[in-house]
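Enquirer: Below are the structure tokens for one structure; questions will follow.
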């Protein structure tokens, strides 16, 4: 009896930081997750402090051209977010999220040390630009060993950032008991405040640290980020005694590959697995609460969804390594079902990419004075950051409780509904952006400043409108996708699934670059001028590009509705 009572006190499948069984009375809960939230403020500040202003550093101190500087920043940020998949994979298959964070923070620290030393030492940077001579270029672009130091620092930092993004959200979410309604509600609150803390770190980054970089020197900006990520480690370690750490299982990719290969070899599927998602039964109209402990047992057969994958457990496999259980088949089905939802979020990420590209360039042509203070364009992300910081607590403490009373459901607003609201807001945001850009060009034309570098007589606060809608869209969608992917994914794939939210951001950055290239190629044929070509933004047809983005976002929203209406929740039977 004593042993039985001791067993009931344990968190099954979890250990503490010393690799001993985690106990319900000591480990997990909001106290443990609070350390994660504080660490996220510090980590995101260290990342965004450099990412938001990096294009300026590359152009002014490394003497890269504007296009090369922009491409370098895009590649850096895209790589960092894509590497979150690696961090999530390792958290599921090899190490705990606890260890992955510590390793990743160390890598990010080392990368920032390299960048700080290079920014401090004149001998590690190209010489300052000279006055143009008749036969000599005024600036020497970074090259050779100096370029190697720069990119080593950048991509070591990106590797660390990816590991942190891939492990930290899942580590915080793992602290809650998903088998109780109270635990699931607390986990939802955690994800809302995780996005809030992202914004807190971003606020410090785009205000204080950007000012330091522009006025005191980049060695101080990099130095602040380096010190911050270093201090985040003892803060994280301070919560070690409260954490429960999920024991890693075997590689989730191995399970996915095994089921797919087994299904194909056991007499080929009649339908392609991707197209077969269409055969999913639609969700019930009413919300049905399901015990989170409920899982498919090995002695039960798989369900009727994606029937072609059921062949993986039919008959004797061609090889012992392809032996699959019904639970493994169901786990892979969940992965396939969430992929269309994941792809639906990429277009929103593409819209968000405009906030760090064209929106900054728009602001650079406008009046950025606030009283006697001139706001640097790199600080413009303060708008969506502040909006998110205001909306996140309001959403968690007012909107969700009200929705719970109205709908009678545990979540109030389902994960897919949150994502859908964000996607709908992105349509409005790009339409507003197009309208504001048209107004900016009318002002430039009326003032006779189309070909002038002087600030236009229009306040940059007009851009706050598109930031408002995109910031709201980011809050709904990012928090929604983080919780959706975590709660729907099989237990052994949750860190990797949560990383899909960051991978969506990476793909959005890449898609933005691709769209600009394609649009310029199509519109610049013949004797026509490409929409976004030339040295002056005033001669761009940026408003047309924004209208195109709004139209594409509308089609993307319809694509999302198709899949969301057919999606059946793993944890609840909620409809969209």
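Yeah, the Cβs are placed from backbone N, Cα and C, and that goes for glycine too.
So TrEMBL says this about it:
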type: TRANSMEM; residues: 29-49; note: transmembrane segment
type: TRANSMEM; residues: 61-86; note: transmembrane segment
type: TRANSMEM; residues: 98-117; note: transmembrane segment
type: TRANSMEM; residues: 190-212; note: transmembrane segment
type: TRANSMEM; residues: 218-243; note: transmembrane segment
type: TRANSMEM; residues: 334-355; note: transmembrane segment
type: TRANSMEM; residues: 375-395; note: transmembrane segment
type: TRANSMEM; residues: 416-436; note: transmembrane segment
type: TRANSMEM; residues: 456-479; note: transmembrane segment
type: TRANSMEM; residues: 500-519; note: transmembrane segment
type: TRANSMEM; residues: 545-564; note: transmembrane segment
Enquirer: Rank 29-49, 416-436, 456-479, 500-519 by Cβ pairs under 8 Å to the transmembrane segment (545-564) and hand me the top one.
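Expert: When the Cβ pairs under 8 Å are tallied, 416-436 comes out ahead.
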Enquirer: Are there residues at least 6 beyond the ends of the transmembrane segment (334-355) whose Cβ is under 8 Å from a Cβ of it, and what are they?
Expert: 74, 256, 273-274, 277, 280, 305-306, 309, 380-381, 384, 416, 419, 422-423, 426, 429-430, 433, 467, 470, 473-474, 477, 481, 484-485, 488-490, 493, 497, 500-501, 503-509, 511-512, 515, 546, 549, 552-553, 556, 559-560, 563-564, 567-568, 570
Enquirer: Hey, which bits of the same chain come close to the transmembrane segment (29-49), Cβ under 8 Å, at least six residues off its ends?
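Expert: Result: 80, 101, 105, 108, 112, 157, 161, 164, 168, 171-173, 175-176, 186, 189-190, 193-194, 197-198, 200-202, 204-206, 209-210, 213, 221, 224-226, 228-229, 231-232, 235-236, 238-239, 242-244, 381.
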Enquirer: So which residues does the transmembrane segment (61-86) touch in its own chain, when a touch means Cβ under 8 Å and the partner is 6 or more beyond its ends?
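Expert: The answer is 47, 51, 54-55, 119, 125-126, 129, 139-142, 150, 154-155, 157-159, 161-163, 165-166, 218, 353, 356-357, 496, 499-500, 502-503, 505-507, 509-510, 512-513.
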Enquirer: How about long-range neighbours of the transmembrane segment (98-117): same chain, 6 or more residues beyond its ends, C-beta under 8 Å?
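Expert: Non-local partners: 17, 39, 43, 46-47, 50, 87, 90-91, 124, 149-150, 152-164, 166-168, 171, 219, 222-223, 225-226, 229-230, 232-233, 236-237, 240, 243, 245, 495.
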Enquirer: Using Cβ atoms and a strict cutoff of less than 8 Å, what residues sit near the transmembrane segment (456-479) while being 6 or more residues removed from its termini?
Expert: 191-192, 194-195, 198, 345, 348, 351-352, 355, 359, 362-363, 365-368, 375, 380-381, 383-388, 391-392, 395, 418-419, 421-423, 425-426, 428-430, 432-433, 436, 439-440, 443-444, 447, 449, 501
